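Quick notes on the structure that follows.
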Amino acid sequence: MPIYWSILGVTAFLGVVSYYFPRPQLKLNTDNQQTTRLFFALLIFGYIIVICGLRGGIADTPVYVNHFNSLSNSFFDAFANIDTAEKGWGFWFLSGVFKSLISADAQVWLFAIAAVSGLCVMRALYKYSVDFPLTAFIFSATSTYIWMINGIRQFLVVAILFAFADWLFEKRTVRYIVLILLLSAVHNSVLVMIPVYFVVKFRPPWNKKILFFIVAILVCVFFADQFTDFFADATGYGDNMLKTGGSSFVRVVIAAVPCVLAFWKRRQIVRLDSPVMDICINMSVVTACFYLLASFTSGTYIGRIPIYFSMYSTLLLPWLLQKTFEKKERALLYALCIVCYVIYFMVDTSGYFYQSDVLGIPVC
């Protein structure tokens with residue numbers, strides 16, 4: 001657990017330092033201009049990538065490493081992975097190509113996956129956040145980076161799709177859906193983003209489609225287990241994901257905070273007229289709904305789906321604090337936000353372990 005505290009500490013420290021060395025401002029007609037230097041963003045995510053990429057045999061890492069080691073070193077044999085892989089054939093095909101052309105060392109492979117995932121997430125956060133240090137802090141405090149250690153195949157898809165958030169915000173429907181279909185070869189849970197895309201793209205926030213979605217989720221709560229079975233069958237996840245609790249109520253509360261603030265300030269939000277943040281608000285509503293549903297299910301599948309949407313809340317909350325509250329209110333809310341997220345971090349990471357042979361860190 002100390003290593004996870006180091007991630008939060010490094011993120012907070014570099015974030016504070018970055019405020020004192022802001023990026024020179026250009027006279028652009030935009031309220032989303034990034035003030036943080038790219039150097040600090042790379043340092044923050046570089047540290048996260050190193051920690052996640054150089055881990056040892058924790059969580060589901062041994063399963064992935066064993067599968068990677070069983071792959072052939074031949075480039076032509078990589079195509080055989082398409083037929084032999086039970087799921088995620090695209091992931092194992094690319095892994096076979098990596099092993100034959102780049103490195104047969106599983107640690108290098110894990111680091112490469114962590115690097116791609118981390119940099120993809122950083123790209124979107126850096127481009128669209130109005131307060132990157134706070135956004136990075138929320139990313140760390142919610143321990144979202146744990147997905148780069150446990151659940152790497154799904155998070156690789158999440159990160160790549162998030163990196164192309166431009167297509168979502170610009171409503172490039174064909175491109176976005178084609179990308180989703182391609183990524184489904186790596187992890188087919190991404191297919192849930194197709195119907196969600198058609199729900200969240202409409203403005204303004206709290207439109208009839210979003211309200212209908214909320215009602216639909218509430219109905220599903222009353223038939224939670226049946227809905228879970230249908231959802232898992234539809235996306236081919238299988239029974240192996242239906243063994244433990246779906247989600248905690250604490251996650252529901254955390255996910256609901258940006259939604260509540262957005263509803264409270266909805267009139268100001270309409271006046272601000274931000275197409276990007278309107279979609280982020282809709283995504284946050286979807287996140288809260290899925291976490292609510294997951295808290296009533298007996299499986300983990302529904303609980304793993306919200307990661308596709310929750311990334312947008314890390315963009316939304318700093319924007320709400322900066323754009324819809326007065327300066328005095330903002331200072332208090334910033335402090336409250338940090339305290340609450342630190343408490344959540346303490347609770348959420350209490351059972352996490354870390355180990356790295358490369359860094360010489362025993363299980364802790």
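Cβ atoms here come from the backbone N, Cα and C positions, even for glycine.
TrEMBL annotations:
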type     : residues : note
TRANSMEM : 6-22     : transmembrane segment
TRANSMEM : 38-58    : transmembrane segment
TRANSMEM : 108-126  : transmembrane segment
TRANSMEM : 138-164  : transmembrane segment
TRANSMEM : 176-198  : transmembrane segment
TRANSMEM : 210-228  : transmembrane segment
TRANSMEM : 248-264  : transmembrane segment
TRANSMEM : 333-354  : transmembrane segment
For the transmembrane segment (333-354), distant same-chain residues with Cβ under 8 A (at least six beyond the ends): 1, 3-5, 8, 51, 55, 58, 134, 137-138, 140-143, 146, 250, 254, 317, 321, 325, 361, 363-364
Spatial neighbours of the transmembrane segment (6-22) far in sequence, C-beta under 8 Å, 6+ residues away: 35-37, 40, 43-44, 47-48, 51, 132-134, 136-137, 139-141, 145, 342, 345
The transmembrane segment (38-58) in contact with the transmembrane segment (176-198), cutoff 8 A, at least 3 CB pairs, sep 6+: no
Cβ contacts under 8 Å made by the transmembrane segment (176-198) with residues that lie 6+ beyond its boundaries: 87-91, 93-94, 153-154, 156-158, 160-161, 164, 167-168, 235-237, 286, 304-305, 308-309
